[in-house]
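Peer 1: Input: one structure, supplied below.
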Amino acid sequence: MATPVVSASGPPATPAPAPVAAPASASASVPAPTPAPAAAAVPAAAPAASSDPAAAAATTAAPGQTPASAQAPAQTPAPALPGPALPGPFPGGRVVRLHPVILASIVDSYERRNEGAARVIGTLLGTVDKHSVEVTNCFSVPHNESEDEVAVDMEFAKNMYELHKKVSPNELILGWYATGHDITEHSVLIHEYYSREAPNPIHLTVDTSLQNGRMSIKAYVSTLMGVPGRTMGVMFTPLTVKYAYYDTERIGVDLIMKTCFSPNRVIGLSSDLQQVGGASARIQDALSTVLQYAEDVLSGKVSADNTVGRFLMSLVNQVPKIVPDDFETMLNSNINDLLMVTYLANLTQSQIALNEKLVNL
């Protein structure tokens with residue numbers, strides 16, 4: 001499999017340089033890279049027409065063209081074809097919603113990285129609607145970086161995306177992620193490639209080095225900047241990152257959080273009865289908090305909040321009104337059914353064990 005190579009330095013591909021910027025919080029222009037024969041870099045823009053006579057005279061005729069055609073104004077670059085995700089302005093009020101599986105997958109890829117690799121990169125997948133951009137899946141992409149160039153296995157990325165579409169056809173390419181706390185010049189080159197896969201791609205950075213004592217997670221979207229008719233740059237503007245989860249993901253996150261209090265960072269799986277007991281304890285704690293808040297409001301210690309009051313009223317109205325005697329009857333009936341199922345399961349297990357012994361005689 002051929003690995004496309006993107007050079008991070010060298011002369012510009014066209015007479016007019018097309019610099020891009022790679023700041024983490026500010027913009028700075030760098031010369032556009034010159035792609036290798038199998039390069040995957042975004043082609044540099046065609047030279048813009050200049051009103052300077054000296055600049056026009058310095059333009060040489062291409063092979064097969066007359067001097068008149070060589071001095072004609074350069075054509076405007078064709079607009080990029082729209083991708084499947086993030087159409088138009090960034091939706092959702094510039095908010096990106098991340099699921100816990102994304103962070104777990106990124107950290108796992110970083111722990112399994114090749115020897116000598118400073119960071120890992122990958123593709124972000126998810127869904128887009130009018131109100132939010134939700135990142136629900138991702139996969140890592142092999143790459144190599146040096147001071148002068150970056151090589152990304154883009155064929156691998158395309159094949160992985162095709163496989164993901166067979167399982168989750170609704171997931172689209174939203175952008176890419178990288179481990180680290182800043183944005184480098186190589187990040188700009190990789191971002192240009194993903195700009196061809198999806199308009200307004202998201203760049204997610206995860207600080208796995210824990211420089212500030214915590215895993216900083218930031219999201220950016222690129223914005224063109226510069227003087228019209230001159231060299232253009234790219235500025236990465238931050239986005240708001242929020243966390244979303246499904247019920248099954250929340251259970252896993254709660255279990256992982258328990259390892260924070262374990263000396264060896266290992267915790268065993270609890271039984272069904274223990275899970276029911278833990279859930280009941282959490283509900284009791286929540287009810288105690290709500291009751292204390294209501295008492296503080298009635299006593300004047302805390303000012304009333306209309307939003308909280310409406311939410312509590314809606315919650316109370318959702319509780320079905322059942323006579324205590326009827327509720328006890330229903331509970332006892334369910335318990336009897338559960339005990340009967342348990343008894344039959346144990347009886348079946350005993351019969352199977354007895355049958356195996358009779359067969360082996």
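Cβ from N, Cα, C; glycine included.
The following feature annotations were taken from Swiss-Prot:
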type     : residues : note
COMPBIAS : 1-11     : compositional bias 'Low complexity'
COMPBIAS : 21-42    : compositional bias 'Low complexity'
COMPBIAS : 55-78    : compositional bias 'Low complexity'
DOMAIN   : 96-226   : domain 'MPN'
MOD_RES  : ALA2     : N-acetylalanine
MOD_RES  : SER50    : phosphoserine
MOD_RES  : LYS242   : N6-acetyllysine
MOD_RES  : SER262   : phosphoserine
REGION   : 1-42     : region 'Disordered'
REGION   : 55-86    : region 'Disordered'
Peer 1: For each of the modified residues (LYS242, SER262), count the other CB atoms lying within 10 A of its CB, then report the residue with the highest count.
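Peer 2: When each Cβ's neighbours within 10 Å are tallied, LYS242 tops the list.
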Peer 1: Using DSSP reduced to three states, classify the residue listed as 'N6-acetyllysine' as helix, strand or coil.
Peer 2: strand
Peer 1: May I ask for the distance between the residue listed as 'N6-acetyllysine' and SER262 (phosphoserine), taken between their Cα atoms and rounded to an integer number of Å?
Peer 2: 28
